[in-house]
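Visitor: Could you have a look at this structure, given as structure tokens, before my questions?
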Amino acid sequence: MRYDKLTAKFQQALAEAQSLALAADSSYLEAGFVLKALLDDQNSGAAALLAHAGVNVPQVKQRLQQHLNSLPKVSGQGGDILPSRELQAVLNLMDKAATKRGDAYIASELFLLALVQQNDAAGKILKEAGATEQNINAAIDAVRGGQNVNDANAEDQRDALKKYTLDLTQRARDGKLDPVIGRDDEIRRAIQVLQRRTKNNPVLIGEPGVGKTAIVEGLAQRIVNGEVPESLRNKRLLVLDLAALIAGAKYRGEFEERLKGVLNDLAKDDGNTLIFIDEIHTLVGAGKTDGAMDAGNMLKPALARGELHCIGATTLDEYRQYIEKDAALERRFQKVLVGEPSVEDTIAILRGLQERYEIHHGIDITDPAIVAAAELSDRYITDRFLPDKAIDLIDEAASRVKMEKETKPEAMDKIDRRLIQLRMEKAHVEKEKDDASKKRLELIDEEINGLQKEYADLDEIWKAEKAISDGAANIKKQIDEVKIKIEQAKRQGDLALASKLMYEDLEHLEKQRAAAERADTDSTKPANKLLRNNVGAEEIAEVVSRMTGIPVSKMMEGERDKLLKMEEVLHRRVVGQDEAVRAVSDAIRRSRSGLADPNKPYGSFLFLGPTGVGKTELCKALAGFLFDSEDHLIRIDMSEYMEKHAVARLIGAPPGYVGYEEGGYLTEQVRRKPYSVILLDEVEKAHPDVFNILLQVLDDGRLTDGQGRTVDFKNTVIVMTSNIGSQHIQQMGIQDYEAVKEVVMEDVKEHFRPEMINRIDEVVVFHGLDQANIRSIAKIQLKGLEKRLEKQNLRLAVSDAALDIIAKAGFDPIYGARPLKRAIQSEIENPLAKALLAGNYAPESEIRVEADGDRLKFA
């Protein structure tokens, strides 16, 4: 016989059999080695074919191994091993069988048929296990499905559905899919399209995370439960694994062969199989090399004829980018748009998933946590979609509580660390012999004993709580498993088993769960509990705060006091601007108490006043107050935006322009730090068109960047500073605040458009500074110098008379507080730098600055 007529799979089996024979020191290549090679290869299909024929495969494997072990061994065997006479006879019978069946190639299943016809040892083993010529022939016909072997790789194309798909209906039967709540309209529309005669292929289109794949899982569950029209009952829903199709397709045409195998299997199934292709846009161009067809083009004829019942899922952007471009592919699909669910629908979805997450994490998820997850994710996580982002919050909060539960509680950890510290101290003190050391040793022993007792008590409580909690979690898991078995029994029509499970097993487990919950409640008072065993709204708020940097959690007493005393804190840095400080403080208090409009920024202000009076300093103080750091101050110098086209730098260049990928300075900063103070400095110097983009920010708290993404400004404070009208403020001095503001507003109305002024929460006019204000600012600035000197182990003391001289030197009604900085530099810092370099001051010494007439002297 010609070996080139053997299929690739059988050639591989012969090579493997030769290796087995060499390893066994056999003198010939026996048929038994080939049978073992075929049975050991998972992809050969030999074991499956024998099982299909009703043969006891484990018995065959066991007897075959015994037979091979009993074969005579020849030591020193080298080179190729020749086939035995029996094997040659089997191969000749295979050739005859292939010719009889009209095959161009000899497939490995014919080896099993020929072996049964022979009377050698391997053939006898098969016959004893139940193999006959008739049942092997019938099994071959069933596996081939009426097709001939006309290709060396024909065996690889068999069972293509098993290799390249995942059975979603089977997963639904096994209870491995999450429950799908709602989405009835979309599922009904998909079923409607699937029932069409031709082009019965729905494609689910929606934003990422809205639940497209969940709709298909919902359809699988409905098919399993028989809640679909007659034409869809008992159908299988398979997920195509495109990655498995492409993986390992080394040679040209191999990918097409695999896909053709899948399509042939589907055609043979006579419409009883639905295929789901997630991320269907990946079909366009998949497997395309020079001159080859891509998967999309190969599927078109089957889709058009209605042979392929396909459900696709993709996002709006990818549908537009890939599928709409190919009009012939697009017309074969029917669009089913999947929108984002509302907050109410998301709450219902989360309630449906609650039990699955409780079982996975082994903790309880409260209803307030579910409501908080839906509402907070909708408000604060703006770049993603419901229900995905709400599910993420629940999952992460539960994961955090589980992690705390499985690690040592904080109270025990503190005692543990203290014990380590005391034992180290004890080891050192024991070496000393004086009375003080002995006394200290007694105290250490006493403290160690006390802490060990406390630790043992806490450990006992912790273990008891953990045991109760783990027990309750285990019972929940068992309840879930019983519910799945009840559903399976109902589907199979075994009502006796279903009622036994429901009224005996389930009731018993429910009683156990109730008892475990009571034990958990009674075991310790809430105040003494070491373990957190449930997820509440506060835990969800903590996760949102960590993800976004926005303080969402309930205000602690400390923060309430801080907000009530906000003016006092800001006045430590900003001197003499009572109206401005009050306006900013009121805006922050409104937002943190939840009274502010949630669709607008926390506050938007226009600060007007002469240079150096504290406009920018107030913004820095505000950022420091809110975030304990000035890093959250986004400062934009508007003098850099004098040209009309400079607006692109704020929101990002439009498509087609250089820098499109980089994004805008303002939008990118706010996306990274959504809770910020935005300072638009010297706003009057910018081009008037730049203000047009600020209109929607001030009104709706949102801005669309160059890439079409919506950036959320609802958690920002927007401050614009300007010198407009500063000449009036200087002329009128500290008169009636409202009169000064009225005059300044006339200038503002000339420069800014009415729609801009109308959207600003408050226009705040800053006063010019008087001598007393400058003296207070001098104190603040000298404190900064004191801190810098402290790092060098030096102290600074400035007398009141010296402070008066500095304030007088730094006072200029036109330039505000900025000349003061220069005065401190020239009068104190310059001479002090020389003295330090000369080594006039030793470490730990005090530098006293005193008045000497109109000059300063250092002592």
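Keep in mind that glycine also has a Cβ here, set from the backbone N, Cα and C atoms.
Below are the features listed in Swiss-Prot for this protein:
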type	residues	note
BINDING	GLY206, GLU207, PRO208, GLY209, VAL210, GLY211, LYS212, THR213	ATP 1 binding site
BINDING	GLY609, PRO610, THR611, GLY612, VAL613, GLY614, LYS615, THR616	ATP 2 binding site
COILED	391-525	coiled coil
DOMAIN	3-146	domain 'Clp R'
REGION	6-71	region 'Repeat 1'
REGION	83-146	region 'Repeat 2'
REGION	159-340	region 'NBD1'
REGION	341-549	region 'Linker'
REGION	559-768	region 'NBD2'
REGION	769-859	region 'C-terminal'
Visitor: Using a 10 angstroms cut-off on Cβ to Cβ distances, just flag whichever of GLY209, GLY211, GLY609, GLY612, GLY614 is the loneliest among these binding-site residues.
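Guide: Relative to the other binding-site residues in GLY209, GLY211, GLY609, GLY612, GLY614, GLY209 has the fewest Cβ atoms within 10 Å.
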Visitor: What does the structure give for the C-alpha distance between GLY614 (ATP 2 binding site) and GLU207 (ATP 1 binding site)? Integer Å is fine.
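Guide: Between the alpha carbons of GLY614 (ATP 2 binding site) and GLU207 (ATP 1 binding site) there are 46 Å.
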Visitor: In whole Å, how far does the CA atom of THR611 (ATP 2 binding site) lie from that of LYS212 (ATP 1 binding site)?
Guide: 57
Visitor: Quick one: Cα separation, GLY609 (ATP 2 binding site) versus GLY209 (ATP 1 binding site), in Å?
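Guide: Rounded to a whole number, the Cα-Cα distance is 49 Å.
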Visitor: Please list residues from the chain of THR616 (ATP 2 binding site) whose Cβ is under 8 angstroms from its Cβ, counting only those at least six apart in sequence.
Guide: LEU679, ASP681, THR721
Visitor: CA-CA, which of the binding-site residues PRO610, GLY612, LYS615 lies nearest VAL210 (ATP 1 binding site)?
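Guide: The smallest Cα gap between VAL210 (ATP 1 binding site) and any of the binding-site residues is with LYS615.
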Visitor: Please report how many Å separate the Cα atom of THR213 (ATP 1 binding site) from that of LYS615 (ATP 2 binding site), as a whole number.
Guide: 53
Visitor: Of the binding-site residues listed here (GLY206, GLY209, GLY211, LYS212), which is spatially closest to VAL613 (ATP 2 binding site) when Cα positions are compared?
Guide: GLY209
Visitor: In which DSSP state, out of helix, strand and coil, do we find THR213 (ATP 1 binding site)?
Guide: helix
Visitor: Out of PRO610, GLY612, LYS615, the binding-site residues in the record, which is closest to GLY206 (ATP 1 binding site) when you go by Cα distance?
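Guide: It is LYS615, whose Cα lies nearest.
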